[in-house]
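Per Swiss-Prot, the features are:
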COILED    154-185  coiled coil
REGION    168-222  region 'Disordered'
COMPBIAS  168-178  compositional bias 'Basic and acidic residues'
COMPBIAS  201-217  compositional bias 'Polar residues'
DOMAIN    618-694  domain 'Peptidase A2'
DOMAIN    793-977  domain 'Reverse transcriptase'
DOMAIN    1222-1368  domain 'RNase H type-1'
BINDING   Asp1231, Glu1269, Asp1290, Asp1360  Mg(2+) binding site
BINDING   Asp1493, Asp1550  Mg(2+) 3 binding site
Amino acid sequence: MGNSSSTPPPSALKNSDLFKTMLRTQYSGSVKTRRINQDIKKQYPLWPDQGTCATKHWEQAVLIPLDSVSEETAKVLNFLRVKIQARKGETARQMTAHTIKKLIVGTIDKNKQQTEILQKTDESDEEMDTTNTMLFIARNKRERIAQQQQADLAAQQQVLLLQREQQREQREKDIKKRDEKKKKLLPDTTQKVEQTDIGEASSSDASAQKPISTDNNPDLKVDGVLTRSQHTTVPSNITIKKDGTSVQYQHPIRNYPTGEGNLTAQVRNPFRPLELQQLRKDCPALPEGIPQLAEWLTQTMAIYNCDEADVEQLARVIFPTPVRQIAGVINGHAAANTAAKIQNYVTACRQHYPAVCDWGTIQAFTYKPPQTAHEYVKHAEIIFKNNSGLEWQHATVPFINMVVQGLPPKVTRSLMSGNPDWSTKTIPQIIPLMQHYLNLQSRQDAKIKQTPLVLQLAMPAQTMNGNKGYVGSYPTNEPYYSFQQQQRPAPRAPPGNVPSNTCFFCKQPGHWKADCPNKTRNLRNMGNMGRGGRMGGPPYRSQPYPAFIQPPQNHQNQYNGRMDRSQLQASAQEWLPGTYPAXDPIDCPYEKSGTKTTQDVITTKNAEIMVTVNHTKIPMLVDTGACLTAIGGAATVVPDLKLTNTEIIAVGISAEPVPHVLAKPTKIQIENTNIDISPWYNPDQTFHILGRDTLSKMRAIVSFEKNGEMTVLLPPTYHKQLSCQTKNTLNIDEYLLQFPDQLWASLPTDIGRMLVPPITIKIKDNASLPSIRQYPLPKDKTEGLRPLISSLENQGILIKCHSPCNTPIFPIKKAGRDEYRMIHDLRAINNIVAPLTAVVASPTTVLSNLAPSLHWFTVIDLSNAFFSVPIHKDSQYLFAFTFEGHQYTWTVLPQGFIHSPTLFSQALYQSLHKIKFKISSEICIYMDDVLIASKDRDTNLKDTAVMLQHLASEGHKVSKKKLQLCQQEVVYLGQLLTPEGRKILPDRKVTVSQFQQPTTIRQIRAFLGLVGYCRHWIPEFSIHSKFLEKQLKKDTAEPFQLDDQQVEAFNKLKHAITTAPVLVVPDPAKPFQLYTSHSEHASIAVLTQKHAGRTRPIAFLSSKFDAIESGLPPCLKACASIHRSLTQADSFILGAPLIIYTTHAICTLLQRDRSQLVTASRFSKWEADLLRPELTFVACSAVSPAHLYMQSCENNIPPHDCVLLTHTISRPRPDLSDLPIPDPDMTLFSDGSYTTGRGGAAVVMHRPVTDDFIIIHQQPGGASAQTAELLALAAACHLATDKTVNIYTDSRYAYGVVHDFGHLWMHRGFVTSAGTPIKNHKEIEYLLKQIMKPKQVSVIKIEAHTKGVSMEVRGNAAADEAAKNAVFLVQRVLKKGDALASTDLVMEYSETDEKFTAGAELHDGVFMRGDLIVPPLEMLHAILLAIHGVSHTHKGGIMSYFSKFWTHPKASQTIDLILGHCQICLKHNPKYKSRLQGHRPLPSRPFAHLQIDFVQMCVKKPMYALVIIDVFSKWPEIIPCNKEDAKTVCDILMKDIIPRWGLPDQIDSDQGTHFTAKISQELTHSIGVAWKLHCPGHPRSSGIVERTNRTLKSKIIKAQEQLQLSKWTEVLPYVLLEMRATPKKHGLSPHEIVMGRPMKTTYLSDMSPLWATDTLVTYMNKLTRQLSAYHQQVVDQWPSTSLPPGPEPGSWCMLRNPKKSSNWEGPFLILLSTPTAVKVEGRPTWIHLDHCKLLRSSLSSSLGGPVNQLLS
């Protein structure tokens, strides 16, 4: 190869990027030698560029024998021969010897023979090689740095573009000459390539090469770059379909003719820049096209046969820099092949563009029948992919959860309970299971479908269920019920072979069917008989036997499904077991055990039987078609019934819906059979009905005789009685005889005397003894307390004393009894006693000691437990009180003392500790309730006896009435304990279900207290209760109505109580599981244990977050949720191992550095509680029960990295950084300053060209230095809108708001943990909005007040100086001396100013009229606004100041515009224009229009008077009343006014609740009277009645003083007389207008316009004429002025502010208007115009436009 030139060392040649760059340039095709050598010298400065050595080295390379080298070397040499022949003459001489050396050494560096040839050089060349190697390495380092910054990419593309242009020009010249020769040599391989869509002719690429020779190896491959061994031939023009269009691409691989037949060689030809641009356009858009990206890249690389270098070249064009950076570090090293690189880039895209998942749509996906399981899963795959952007194979757990949760609830529960390991199964394994359970569900749904039919008395038809009797539902509050058994006729059995002398009906010999004596006595619905015992009719379903009759196994064979009565009676005697279940509803008379009676009750012809109801014998119609028993209120004989409040609408015999009222349980008797039922009462029914409910309860059998009689057969009845004959029967009385009588409390006031030393009570040091006087007690309460205090004194519980202390007592009457109990208010004593540590365990901890194996329970209630512990004499003085002049004190622990529970519990524990080893059962003690739980009955009885004997010996008293002895179901601590677990008491369920919607605060508290005790049974108690608790904090008038959200929460809590599950008793020997979740404001969890392979709940735990926790990111909120749930669960697990299931990496969050979002104390609590050794955290791989139970969960997020997500969410934007951005668009410095009570903010910008700083923003303001810093940073963000910016600040507060705390405060509503607003919350909220405006932003913290010459130091100093100057930027007031100078720069007049400056003189570019300046039109508004100033000067002041220096024709109009748009002036200025007052329309007659109002007359009853005034005549009606409510108003109208004066047309009143109540409005609506309500807060709207109120009170006071009467009601008639007789302004009195004559008084006895001697007709005619004249006189005096129309809807107004912080508030948009009132947006009531101030734009159309329209 030659030794005249040095060779780069092999280590340098291994740089594949440089090598590939050289090859792309070297083999471009048509570049001159000089340009190639210049480019090579630029890339490799150590290589010589003598072109003369090119021919020598090329010739040496061609002459090397191929058989003397290896196979790889032969491939290279063969390629060089091809290139030499293809590039004849000048083209061949362009390749340098060093290029050939690099090519050979770079591609065959593993070949030892070739390496030795290249290293044989002269000794002088070796020294040069050493130097060149060092320089070459340095050059490579610089090249790598340049490649990282991507600076050389644009230059290389430009070079390639120029080369391509030169190549195209050269080829166009030779096309005609070579075309014919090419067709002759290569007729098959020559292809015509059309011009591509990027405008470049590429047809010469395949034809520009001359034929060359090759060896037997046509697939040339040199380092995977020069040729492609994968494809021997690649078409030069490929068409790729994209969105229906054809795009043609040229290849980076070219086919060159070899000259040996049709063989071609593939030579690499890099992508052109224009081709790369086209490929970038065709690439799927990011991030939407990430799912199609891998397929598109693979297809493109396969078509072009690209290698790793081509992938990198294409990646630089289509992928952003962050994606390429991520792709380079995914596997920690370079990808092994092209496919690996493609996969790396796709993975990097998914990391850089995280999928935005619509989890709401995914969670809402549900199964839609009749889909199969396979169709359902396929549909789920489509929904999951479309809404998450992920294939389900990449998110298996969320997809499986989505599929399982979308199934019907019953199918989901069956799937999870029947397959505990379902979460570990795959989708193909789950599909058969889902199909199985879906099939089961469809079959169950088909069974329960029923045909509707309206039944009588509206009760569902009960069905017979095997031998268990009638089973069905009972009526609810629904108005109608329509159910029917879906009966199908049973198939008739074949007649079989019946002997000729045998009856076909009864199968008895001796007669035939027609003469069968049993036919007329057939029972109804027996066998296959038809209705009424007739054969062949529609058959009834065979009904089973009564529950207490057990037929033999062969009864069907024996009787063939048919029986008559005699057979049934005989069989009953054989089948009777002697006893029947205790739950049997029949209450039989007590007879000897074992006896039985069968009763036949013969009905009358009217199908009636005699029934005794509450000792009243009545006839009742037997109706088997009636569902319910009904008592008729209109019958001849009606029994006494106690009715309830339950009422339904039922369909009776009349086929019309009739109301029925439910009666309380009533005892009825038929013959000797007694039963308790709850009949329904119909007051309009004339007969009594004995329905199917009572007949089925008595097991009655109805049959019909041949003569038409109907017989009711009552089966045998038996007694229920307790006996000790069986093993499981306990005689309680005999068992309790073994205990002494002093153990039992005989009276409610009986107390025990515990054998413990008296208790000494210590008080705090320097505490003053309270002495609170007893307020007087009413006589009835005093007499009610006297027996109680006397009894307590006789027992020594109370003693008389003289004490410095005294506290009051309160008598409380017992519900339903004429007795009182005493409440002693000891709060003052509780405040002075020394504190004690409470040792009373919670009910939850007490019950946690029970084991699931304990099935027998005994509950012992200690009577008056506190009173059994004595108090030392030295401490008794503390509890003194006064009663009837005597002072008493307690000698025992009193109720209400803060330490009574603790002291009693300590004494009881000490007492029971003595028998600790004598009892093997579990003992639970809570205050005075003792529970004994045992595994078996005998142990329980034995330990109970030991306990009771010990209590008797220790001086306790036990309540025998409350004793629950040896039962499997007991009531303890308000819960029902059973072997299965804990249940809610049925009485509590009934109380909750019947609880009406609360309308007062007290009712809400009562409801929350009722359901709050059962919160462990309610999965989402805290979520639902918070809506009701919000109402407690509101200051709302009672009664109120709950909103829709509160009603929904109320109903959900009721439903949760009524459908509560059974909670199992925790087993300490088994591990616990805690499934956790959380909503936005509450934590949710369920504590479970596995029993018999099933996960069963122990308790549902929920708790509300505080303000801090509510604003945390989801992952940290999960930590808070688990911590709260664990705190509640500790009372159950008691230190046992616990497995916590969660979807968050809790341990990772706690073990990393402490987050700035959580305080150190809170984080320490989390670490101490959540990192305990007995806790195990498990990632949920299945659907958490907490998620299934919780319907309000808002935190469902896909799988994620908790640390990364917390870091991302804690900032206002994900790309926010604190590191400088390279080459930003702007570099800003912000700073704030505060001094002498004033603040200022400034922003300066760095100019890199001149390296200086300019001020781009300055503003005064800021109540503190922190506020000024926030304003400065917000201004900097606003100035960098849509730009990349680096913002430097020296404020740690502003930096922390942006990076650490601001986003967290925004999430929790800018409040502290105490609920108070955060300081500067408005500025922080504004800053968080502004920081979203830049395209990319980095906020960097720098040190303040440092010295140096760096850009950061100088920029911060400039910002600090600008902020200090901004403090003193104030609004200057224009003065005469500087008026002209201040406007020199803006005095630019336009064409519109010509008409305003007419006649003015121009001086120095300013128009003057005398000494006054005529400003330009555009300046006028700014000048007047400045004069308006901070103090908001009025129009006269503005005009006066303006006229001193300026003049303009539009000045007054502009001032009006400024004042009309100034919000502050509109709020505080008085109303500028008085309004013409309106009047009421003239009524048509007297008492057609009334005004009413309440007025308070005194403080004693009757306190109020209802004043009613006739608007036409002013006739007053004043009625005293005790209350001012709606019922009083309705009573007076209906009993006094309307009967006396008739129905009015209209009634007016204010909007008091007594007038707006529903009863008042419905009353007037029903009688056709219009009730008009006046505008609130405007007494003049009710002026007539308001003036009457004032007159009335004044006259009452004067009359009382004149007549010396104390009661105002006594002088009211005289006042009414005077008011009705006094003439008004028209000269007529109300009496004259109404009666047609003056009222006769002492002074007017002889005055009358009528004559007594007239006839009746004449008198009436005169009276009519006189009334008409009076009425016309009233009409003439009535105001007739008309009011202008009201403001137009759509205009704006201000409303009077009642809070007086400003005179007016608003503005408000007017929606509707009348001449006197308006309806505005946001206010529910009409507003009188006296309370409105219309904006000027609403009154004058000339002032309604913008400024430019106003002044044009």
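Note that Cβ sites are derived from N, Cα and C of the backbone, with glycine treated the same way.
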Pairwise Cα distance for Asp1550 (Mg(2+) 3 binding site)/Asp1231 (Mg(2+) binding site) [Å, integer]:
59
Looking only at the coiled coil (154-185), report the model's average pLDDT.
66
How many whole Å apart are the CA atoms of Asp1493 (Mg(2+) 3 binding site) and Glu1269 (Mg(2+) binding site)?
60
What three-state class does DSSP give Asp1290 (Mg(2+) binding site)?
coil
Around the Mg(2+) site formed by Asp1231, Glu1269, Asp1290, Asp1360, which additional residues qualify by having Cβ within 8 Å of the site's Cβ center?
Phe1229, Ser1230, Gly1232, Ser1233, Ala1272, Thr1289, Ser1291, Ala1344, Asn1356, Ala1359, Ala1363
Quick check: in three-state DSSP terms, what is Asp1360 (Mg(2+) binding site)?
helix
Out of Asp1231, Glu1269, Asp1290, Asp1360, Asp1493, which of the binding-site residues is least crowded by other Cβ atoms within 10 Å?
Asp1360
Quick one: give me the count of other CB atoms within 10 A of the CB of Asp1550 (Mg(2+) 3 binding site).
22
What does DSSP give as the helix, strand and coil breakdown of the domain 'RNase H type-1' (1222-1368)?
58 helix, 45 strand, 44 coil
Tally of helix, strand and coil residues over the domain 'Peptidase A2' (618-694) according to DSSP?
3 helix, 40 strand, 34 coil
